[in-house]
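Data first, discussion second: the structure below is written as structure tokens.
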Amino acid sequence: MKFYPGQNISEIVYHFQSNETANRLDAYFACGCEEDTEVLARLKQCNPRLLHLSYAAFCLEMGSHSIEEMEYDDGELIFSYFQNFLLSIVSNSSKTTKLRAYIRSAFAYHFQHFVEFDQYTNDSLNTVDTSVSAQGIADLALSMVRWIPTQIKKVVNFGVGSVIESFSEHFNKLLMQYCPIVFQAFSWVNNIWTMVKEWIEEAAKEISWFLQGCKELHAWGMCILASSCALGLVEKCLISLGMISESFDLVGLFVRSAIVGAFCVSIKTGKFVTNSELITCATIAVSTIATVMSQAFKPSEEIKGQFQALSVLEGLATQLTSFCDTSLVAMGKTCTAFNQICTAGKNVKVIAGRLLEVVSNFVRKLLGLDSAFLRDAALIFSQDVDGWLRNISWCQEQFLLKAYMSQDDLIVLRSLVVKGERMREQMLEGEVKVSPSVCNLIVKGCEEANKLMRESRLHCSKTIRKIPFVIFAHGESRVGKSLLVDRLITDFCDHLEIGEDAVYSRNPSDPFWSGYRRQPIVTIDDFAAVVSEPSAEAQLIPLVSSAPYPINMAGLEEKGMHFDSQIMMCSSNFLEPSPEAKIRDDMAFRNRRHVLITVELKPGVEYDESDFTKNQRYLLKTWFHYHYVVDQTFESYADLLAHCFTKWERHVKEQESNLSQIKGKKSESGHFYNFQQLMDLAVSWNLNADIMKNRIKAERNDMVYVFSAGRKDKILHCFLNKEGECTVRPDSIDDPEAQALLKASETMLMKAYAFLKYNNATNLIVRTHLAELVNEDFYDEKFNFIGTIGTPAFHRQIAAHLEKMPLWQKAILCGMGHCLSRKSKETWYTGMKEKFVQMMKSIYETEVTDWPVPLKIISGTILATILGTTFWKLFSFLRDAGNGGVFVGNVASAFTTSSVLEAQSRKPNRYEVSQYRYRNVPIKRRAWVEGQMSFDQSVVAIMSKCKASMRMGNTDAQILMVPGRRFIAHGHFFKNLTQKVRVQIVTSEKSYWHVYDPDKFQMFDNSEIGLYTNPTLEDIPHSAWDLFCWDSEKTLPNNFSAELLSCKLDTVTGQYYPRMAPINCRVHRQPIHITEGNYVRKQDVSIEYDACTIPNDCGSLVVAKVGNHKQIVGFHVAGSKGRLGYASLIPYVEPVVQAQSAEVYFDFFPVEVDSQEGVAHIGELKSGVYVPLPTKTNLVETPKEWQLDLPCDKIPSVLTTTDERLVGTEHEDMTHSWWYSKYATPMMPLDEEILSKVAQDMVEEWFDCVDEEDTFEEVSLSAALNGVEGLDYMERIPLATSEGFPHVLSRKNGEKGKRRFVTGDGEEMSLIPGTSVEEAYNKLTVELEKCVPTLVGIECPKDEKLPRRKIFDKPKTRCFTILPMEFNLVVRQKFLNFVRFIMKKRDKLSCQVGINPYSMEWTGLANRLLSKGNDILCCDYASFSGLITKQVMSKMAEMINSLCGGDEKLMRERTHLLLACCSRMAICKKDIWRVECGIPSGFPLTVICNSIFNEMLIRYSYEKLLRQAKAPSMFLQSFRNFISLCVYGDDNLISVHEYVKPYFSGSKLKSFLASHNITITDGIDKTSATLQFRKLSECDFLKRNFKQMSNVLWVAPEDKASLWSQLHYVSCNNLEMQEAYLVNLVNVLRELYLHSPEEARRLRRKALSCIEWLQKADVPTIAQIEEFHSMQRIMNAPDSNDNIDLLLSIDLLGLQGAARPSQIRLWFDDKLVLANTQEFFDGNFPADSWLPIFVNCLYPVSQLPAEAVIVNVVCGSGRGGLPTTAWISSAVNNRSSDINKKIRTALGKGKKIVFLTRVDPFPVALLAVLFGVKNEILSSNATNPMLTRLLENCKSLKYLVDECPFAFVN
């Protein structure tokens, strides 16, 4: 089959009616295709008749749209082209609706017959036959179609009025004839054409002066738009009210038929012959109108992706450019038709200009019609000549108002000059052909802009200015810094639309700023490469400032020039200022570089001549605390440029804000302060050297030529003398010499005008109205003022002042008026405009009259689209107006008045939340919303935190921000972006540039949305995580109410307006297919709702109430039928590191408060949740005589804010801020390269220490809980300590810590199944591999002795962190072998955890330090535990994994456990805090990790300091050879070899660490401002000194101040006061012995004499102490406990005796038995007949019977395992004690008593005997012999006679 333009329709009819075609169609119907949809397959089988009709319509349309001759094989036409056509138009969702409309439209268009389909043909049997109801409206359309050609034939040349009247008359007549119900139902129809007239009249007011001669074109286009819109509205209203059941594409029928008729007539009547190409071109234009109107008002059955961004001009741009085969297609393609042309223009006018250029070229080639109007219109629209001329006039006004131009104004003027020169260049080269008038217009504009530029760039402000924006490129030589700066300059010039002459290249060696003309960009290449005076660094300081800065200029006319450039770009090999730069403060130089870029080459990437940036890497650095930190690293130039643009825009906003807040702004001043200076300038400019010599000798009344002024047809030369007298000499306007003087006077006039503006001698009235006085027509030939200022009444008030103006002032103002072409009341712009209109209006009108109608319609369509502003506003309102009765009502209200109704607004700032974009912007209801809707705090949070937009050109896409530098977006837009593109991210608070990388956008399975992740995105608060419903499919019911939230850009105002609407949603579980052009994607489950969504709605959020809070449940992605919307459910996204498990007990704040870098207050515990904390100290002050007259500066710490010691002091109202202050400011990031090197060096040392027997696998839970017997450093977990949160909440009275969650005998313990700890442990082991676990710690004040200054001067109590029990268990499992290795190898490694200070280890430590010399740094850190960052912790995890190995799972688990410490939640009383740094003190690895961190810091500092000092490389690689380091937590000693002392000293170390936010001081004198080397004997370590006893022995005496405090305060937690004091006294004597044996001897004697109860045998002699130390030195046992209090822990001491399970049952009496606990659990002692008494069994109360008695005794020192005296007195001797009462009660009920124990039965047996005697089960006659014999063998129990006499006698 052959198709060609102008083909007779009979040929096509013959083709589809032939038998051969019928046979091929039958064969085609019989052959099924795999890609056939279900509906299409059914049609082929059941309804081939419909497909026959569709093939006929397909061929008819193929023929009518043929552009050139095309021939197809019949089989290929059917099986390929027709098949693809059916696949595109028949879908399972839309079924045959679109196909039927296509057939009806084609047959009505070609045959003027309406095709009716019977009920069988419809898809649903319930569909009502529409033939009757639609007949009237169908006849209306066909009649309208037939009328238009006839009417056009009558009035081919009719004007605007006849067009409107004819259309309205026939339109109303047909409605009345065929569908009178329309007038009854819709009275607004009568107002349609009245409003069309209003639209055209309004457009005429707004119409550009250039278009005054083409109103007829505008009328054509407006009538087509209005008619199409009206038909679409009528049709939709009829559907809404049920008068017809479906659309008949009336708009398409109307516009296509009307145009065809018009073409047929114009072929015969027009001046130019209309050919088929012009018909096709015009058909495309009006078809675009039909498409837009149909999509707006005709519901589509197909589910369409609603980010189409299509309008009339977009459709025209797509189809006309393709059809005309012009170069527009090559302008770039991005996403949609809109973006094909978007790169060529920035607004609608530009697109229209390009289209008119296409049409102009098209008709010139086809018709030979060389249209001046089309050529001129194409240029004027595409280049926005009108706006260009307006801006030039605006610049003139700015100069006259201020007598100078600011740098911002100057940038605008420069862009205008560049644009004008570009247009002039195009005209000169012949690229653009326009009429002479337009050419002259552009030339005049260029001349005026250049003239203003020449003069204004010498006039600048002398007030406070914007600080210039500085980009500083640093790097080694030959890395391309200069090329990079040049590239940045080019891109900034393009961004600002200025030319290359806007860049000034500064040579710092030049004392003058030669050639500086206030260029906005200044560049300095090879900054500071050459020594200059002053230095380049010194010159930069005043330049980058807001203070006025006059610069040194060579020429006299340039004197007074001030620097005000806004951008500076430098390249340099030097990062820091030179020492010879003579800068007193280096920070002043550093702070002046806003973007500091270190340029380096990518290793392994070759140089590319086509793009030198491909092998460059850019490190953005900032100076922070004495150190340069790499903030960001960019691998591509595009990312760097986006960052620079973002920083530039923020800098400009900041400067504008700062300038706007300055009060008392300094008044402007000109360059001249008196008249004499003005005269001197005139003399210097206008006279040669000889005359100037004579003038010096001239008298004051000698006249001097000053300037020439133009006035109408004359040139007046003005002469002044020193007295201010003026004479005028006229000259002819044609005299060449006079013209030269006039042109040369322009600069002088500008200077003189500035003098008048700012000279105080100028009359105040004149200065006020100076800009209005600049007018050539206001002065006669003698410069008398003849004008009028303001109203006549106002002018009369100031006339006297104006008449008194000196003659020379009037001459200046008249000359300025001539110079700037200002006459009468008009500006330069109005004058140019009126001249052009007078000349070209009639020319255009005459030309347009002769055009063929199709060309009028094409051009009119384009013009009406641009100018119909009010129409498009109404159109947008009606498009969004909903369905049904709501739609009809909105249409009626719209046509009742010419103004668009606004929906009621909502303001979200009724809630107290953080700043966001919507605070001062009303949130509006959607147009189709009927009722009100709620707006609570959750919605405000969603809009302010999560809602954002991505702008690309003029395209704006809504996106959903997700915590973790991510956003969710719709696929049908973002999947079409295949190349990197620079976009703008607009959030609620700000906007920033970003380079979108399509490789980082990943679609979710079976969903239309995807996730984009990029580290260069700015993150949102992580508290927003709870605003998402991550499990919508399970959480949401099938039907629910929700709100649709959107925020789209208003293209008119340029602002974002949030909108909302309530919707009723349904979970749609049937698959849908979302289409957008060729894009198709299947979505299995969707949210469906009734909503009149429109294009650009994609990205709107569906927010519903989930539980008690509103959450985001869906993301709008498509619409269907004009009334249905579809949203994707929010898929699950892996969360970022956030603590979640304990949040059930928390109430979070909407906004974080007291937020600092490392810590923030985020919430509080819920009401009723209480975490017990100590409020009373366990430290008891001893009696005065016990203190032995020794000094003590330490007292118990403050544990509560209500401490009575603070009452009445300034600290009475102190808060708990002391605990988090150490986390407020973590250390600065470290250089990753050097940190990795340091870590690798440490790991290599670890490997050097590994023995064959060392293993690092994880241990079992049993080993983690119980330790390993006989293996050093593998002790069991302390069970007396707290169990952590949230387990502590379930603790009952009498239960203690971790012990209530374990069971077993004394040696083998295990977790009790079913407890909260056991469940949390199991969950943690499962989840640990996947993510960093939740970690919630309790901050508990530490009960310890502190110096008085930390109590009264500045209260500061240390806290320790209690972590959950299950977390500590898992940590022990994964790291116990590593900890054992580090402690065991302390003799070789720097870490000294486990050192025994009494042993020879101390001597070995001293020798290690002295091996490098006796110059030692003794250091102390401030807030050490809060310094560590995730960077360091992550590196530490790598180090441990490198040593310990294991599979990927185990290494990942270790990493997650360590990282959990650096991102956790902390509970301090009722407050919940987020902590993002540091190591919690309750972490099992705290001391080990702190030790490793301490060593890393010292090694890192060593590496950096030696590198900076350029020390020999051998020193860098030999840390162990030159440094001897020992660390224990935050304690360290650093012995420095004399070779490296010049590079690594205390002062250098202190300064370097301070630059990283780390404060380090002298460990001995913490108040010292310096850190100096000390001798070993002057240092301390672990609060112990180094004392040399002999050549081979060093001892470690503890600081005496710490010793004396032990005698003033004792801990009575586990001991009685006397026993606790005795323990402390023995320890003090042992320590004091190391200081001096004689001093220890004197103290022992004094204690025995002063303390009465003290026995000599209780206190060891000096000989015994000496033997103690001798024994310690020969032992190699570790000291795994940090202080004496831990040594007294019952978990470590246990009950005296061997900890072996007892298997003996001991009967004291038939009513009293001692047995092992296991016998009870075996059922041998049933609770109904026995009273079980558990003694120190550690069983949880919940695991024991209610009747059981639990006895937890506190063992006394030296009491043979029995409890303390106080406990015996209160529990045993006291007959009314709780235990005694329960025993007697049980005996009264006939029960027997059984004492149960898990370990040594001896102490429990004694207790059983004592209780038995006390409660008369046993008699003293029986117990006396037994106890007497026992005392003979166990002397330590002799106290029983005195304490328990009842056991011996009655």
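Placement of Cβ uses the backbone N, Cα and C atoms for every residue, glycine included.
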Quick one: which of 188-208, 881-901, 1469-1489 does Swiss-Prot have down as transmembrane segment? 881-901
Candidates Gly475, Ser477, Val479, Gly480, Cys1098 (recorded positions) passing the 10 Å Cα cutoff around Glu1008 (active site, for picornain 3C-like protease activity) are none
Of Val479, Cys1098, which of the recorded positions has the most Cβ neighbours inside 10 Å? Cys1098
Over the domain 'SF3 helicase' (449-614) the mean pLDDT stands at 89
Length of the line joining the Cα atoms of Gly475 (ATP binding site) and His972 (active site, for picornain 3C-like protease activity), in Å: 43
For Gly475 (ATP binding site), what is the secondary structure state per DSSP, taken as helix, strand or coil? strand
Would you mind checking how many other C-beta atoms are within 10 angstroms of the C-beta on Glu1008 (active site, for picornain 3C-like protease activity)? 27
Name, in the order they occur in the sequence, the residues of the same chain whose CB lies under 8 A from the CB of Lys481 (ATP binding site) and which sit 6 or more residues away. Ala473, His474, Gly475, Ser571, Ser572, Asn573, Val599
With DSSP helix as H/G/I and strand as E/B, how many residues of the domain 'RdRp catalytic' (1414-1544) fall in helix, strand and coil? 63 helix, 28 strand, 40 coil
Excluding Gly475, Glu476, Ser477, Arg478, Val479, Gly480, Lys481, Ser482 themselves, the ATP site's Cβ centre has within 8 Å the residues Ser571, Asn573, Val599
Does DSSP give His972 (active site, for picornain 3C-like protease activity) helix, strand or coil? helix
DSSP three-state call for Lys481 (ATP binding site): helix, strand or coil? helix
C-alpha spacing of Cys1098 (active site, for picornain 3C-like protease activity) relative to Ser482 (ATP binding site), in angstrom: 45
